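Some notes on the structure that comes next.
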Amino acid sequence: MLLRVIKRNFALFSRIQKVRHSNKHILTAVKAQYGTMKYLNQQEAISVDEELFNEYKFSVDQLMELAGLSCASAIADAYSPDSLRSNKVLICCGPGNNGGDGLVAARHLSLMSFVPYVYYPKRTDKQLFKNLQHQAESMGITVSVDCPAGEWVEAEFGLIVDALFGFSFKPPVRESFRPIMEVLQKTKLPIVSVDIPSGWDVELGPQTDCDIKPDCLISLTAPKLCAKQLVNAKHYLGGRFVPGKLGEKYAMNLPAYKGRDLFVRLS
């Protein structure tokens with residue numbers, strides 16, 4: 001009887017070891033795949049964008065919709081509404097395409113059991129952005145020009161989305177954006193940054209101890225060099241639209257997206 005128990009336990013132990021060994025190989029393969037992935041410098045990021053528009057004939061609103069949807073999907077994967085103190089999300093949008101991604105993400109998050117509130121201070125006369133704002137407001141999303149007070153943000157929201165500045169940003173932060181940057185620097189809420197943590201150098205990363213520390217970064221198209229400076233943060237890749245030839249030209253070595261997923265979790 002004792003011998004049978006010993007044999008059974010030994011067989012079970014052997015199976016566990018095989019599973020551990022197999023999982024170790026899988027994790028090693030995944031890390032190896034991501035380890036070869038290209039991190040773009042600022043000029044490469046600009047050039048890739050230009051080629052998507054000029055060579056591959058994507059429109060700005062087309063890429064913005066795909067990017068914003070992938071951001072919303074990654075956020076919903078990283079933070080279920082029930083896991084947060086509140087399902088209310090403060091989305092801070094800048095004047096450029098990064099802010100447009102934020103406006104799109106807000107609309108999709110509202111359909112995923114989140115309650116977005118958009119801070120969008122610097123408006124543009126471009127019809128695309130007017131349409132994005134109109135679409136958000138038509139879905140009952142508040143879009144405000146007033147910088148929210150830090151105390152109110154801490155009491156009202158469960159998550160912050162930073163969609164202020166993209167890969168064309170060069171420090172320092174302009175005076176008009178310093179109040180919201182101060183809110184982001186002081187908050188204890190998790191911050192999700194879209195493509196680039198606002199205020200960071202696109203290639204070198206944070207430049208001072210006061211720079212924001214995102215809990216999550218969603219890189220779009222391909223990670224930028226600053227993403228290598230992330231510390232204890234979730235990292236996603238979104239924007240499932242890169243043509244194979246373009247990826248090859250820039251040696252991006254992007255990881256494969258699973259099934260119909262719009263994002264890949266990198267860490």
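Positions of Cβ are set from backbone N, Cα and C atoms, glycine also.
What TrEMBL says about a protein is an automatic prediction, not a curated fact.
The structure displayed is predicted, hence computed values, not measured ones.
Taken straight from TrEMBL:
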- Asn97, Asn98, Gly99, Gly100, Asp101, Gly166, Phe167, Ser168, Phe169, Lys170, Pro171, Pro172, Asp195: (6S)-NADPHX binding site (BINDING)
- Asn98, Asp162, Ser198: K(+) binding site (BINDING)
- 45-254: domain 'YjeF N-terminal' (DOMAIN)
Fill in the blank from the handout: argmin Cα dist to Pro171 ((6S)-NADPHX binding site) over the binding-site residues Asn98, Asp162, Ser198 returns Ser198
Exercise for the section: Compute the average pLDDT of the predicted model within the domain 'YjeF N-terminal' (45-254). Expected result: 96
Fill in the blank from the handout: Cβ neighbour count (10 Å, all chains) around Asp195 ((6S)-NADPHX binding site) is 29
Practice task
Report, as a single number, how many Cβ atoms besides its own are within 10 Å of the Cβ of Pro171 ((6S)-NADPHX binding site).
Solution key: 13
Handout entry: Pairwise CA distance, Asn98 (K(+) binding site) versus Asp195 ((6S)-NADPHX binding site), rounded so that it is a whole Å
Key = 8
Exercise for the section: Please work out which residue of Asp101, Asp162 has the most C-beta neighbours within 10 angstroms of its C-beta, and give that one of the binding-site residues. Expected result: Asp101
Handout entry: Farthest-apart CA atoms of Asn97, Asn98, Gly99, Gly100, Asp101, Gly166, Phe167, Ser168, Phe169, Lys170, Pro171, Pro172, Asp195, residues recorded for (6S)-NADPHX, distance in Å
Key = 22
Fill in the blank from the handout: In this structure, the one of the binding-site residues Asn97, Asn98, Ser198 whose CB has the fewest other CB atoms within 10 Å is Asn97
Practice task
Sorry to bug you, but what's the C-alpha spacing from Ser198 (K(+) binding site) to Phe167 ((6S)-NADPHX binding site), rounded to the closest Å?
Solution key: 9
Exercise for the section: Count, for each of the binding-site residues Phe167, Phe169, the other C-beta atoms lying within 10 angstroms of its own C-beta, and report the residue with the smallest count. Expected result: Phe169
Handout entry: Closest of Asn97, Gly99, Asp101, Phe169 to Ser198 (K(+) binding site), Cα positions, binding-site residues only
Key = Phe169
